[in-house]
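To start, the structure under review is shown below, and the notes come after it.
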Amino acid sequence: MRVFNFSAGPAALPEEVLRQAADEMLDWHGSGMSVMEMSHRGKEFMSIHEAALADLRELLDVPASHRVLFLQGGGIAENAIVPMNLLGSRKTADFVVTGSWSQKSFNEAKKYCTPHLAATGKTDAGFTRAPAFAEWQLSDDPAYVHLCTNETIDGVETFEIPDLGDVPLVADVSSHILSRPMDVAKYGVLFGGAQKNIGMAGVTVVIVREDLLDRALSICPSAFEWKTVAANNSLYNTPPTYAIYIAGLVFQWLKRQGGLGAIEARNIEKAKLLYDTIDGSSFYLNKVEPAVRSRMNVPFFLADESRNEDFLAGAKARGLLQLKGHKSVGGMRASIYNAVPLEGVKALVEYMKDFEQRCA
């Protein structure tokens, strides 16, 4: 029996994608091979690879000024790879810290430069807001400005993206990429692990403006140097072939759904239903300012936290899984990525109301 999976990542995949992958597992398109067995330089995998790159460009409307790369290491690795590729001769990078992941990025950058905290969304209640651009205090000559546009743990999503002029804007988009249209031209670099909205764990997407490819530090490993990866069409070393294949199937699924505009409308509907349920109750609480609440990751707390384990057990009995909040913040978290259907959110909301009544 399939359940409703609210995991923050690795996360739910579209059932259509899983079924297609199952059908093609032993024999991809008459090749007599599984994608797992293919040479990454053979014509069969090259067709998968090129189609995935092209479909991602189409979905995000990536301009010709930017390169799309497939790497490995996830968002965590990019916290080191970004400074190694962008610092050049500069010694400072600016960070807008809106949650746990941008804090990790800030901390990792200390190994390579002197990071400057340009703004923070931390309050007495934790990370609950995204500082407006007017609050940002940028340094004099930063190599780049970094932000995480959706904080998976804290549930803070940044929607207003400023124009920084000549300063490259770097965004960790791991947990909301492909959930809504984006103006890619505003960014110098976008990066994200695949295991939330793109596909399965193993591949990392990097979209980088081409004029930024000449800034890498000499210590940057060649496999992570964007210029080298770009020059080799993301095939400098053996890529995560099956993860790219699954990502390609997800891209095709998204196109069949009507693209990112249609997906965004669905995601708004799902998020509104869940937040309205939380806000309409004194039993559940979300601490994030409404204007910057994440559409993808919805943390919430029970007024009586002694009931947390009962809540999770009851949810599991109804086929609602992976609702436990991150260990650093506690409570609950429902990750409602693209592949989580509206029916899943409706089932969760119904359970939340039933549980509240039972506890009254």
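Cβ atoms here come from the backbone N, Cα and C positions, even for glycine.
Model, not experiment: these values are computed from the prediction.
Here Swiss-Prot flags R41 as L-glutamate binding site. The secondary structure of R41 (L-glutamate binding site), as reduced to three states from DSSP, is coil rather than helix or strand. Counting only same-chain residues six or more apart in sequence, the Cβ atoms lying under 8 angstroms from the Cβ of R41 (L-glutamate binding site) belong to L235.
What Swiss-Prot records for W101, T152, D172, Q195, N237, T238 is pyridoxal 5'-phosphate binding site. In the structure as shown, the Cβ atom of W101 (pyridoxal 5'-phosphate binding site) sits within 10 Å of 24 other Cβ atoms.
Close to K196 (N6-(pyridoxal phosphate)lysine) in the fold, though at least 6 residues off in sequence, lie A8, G9, P10, A11, T152, S174, S175, I177, M296, S335, Y337, each with a CB less than 8 Å from its CB. Annotation source Swiss-Prot lists N6-(pyridoxal phosphate)lysine at K196.
Under a cutoff of 8 A between CB atoms, and with a sequence separation of 6+ in the same chain, the neighbours of Q195 (pyridoxal 5'-phosphate binding site) are G9, P10, A11, G74, A201, G202. There are 10 other Cβ atoms within 10 Å of the Cβ belonging to T238 (pyridoxal 5'-phosphate binding site). Counting other CB atoms no more than 10 Å from each candidate's CB, the binding-site residues T152, N237 peak at T152.
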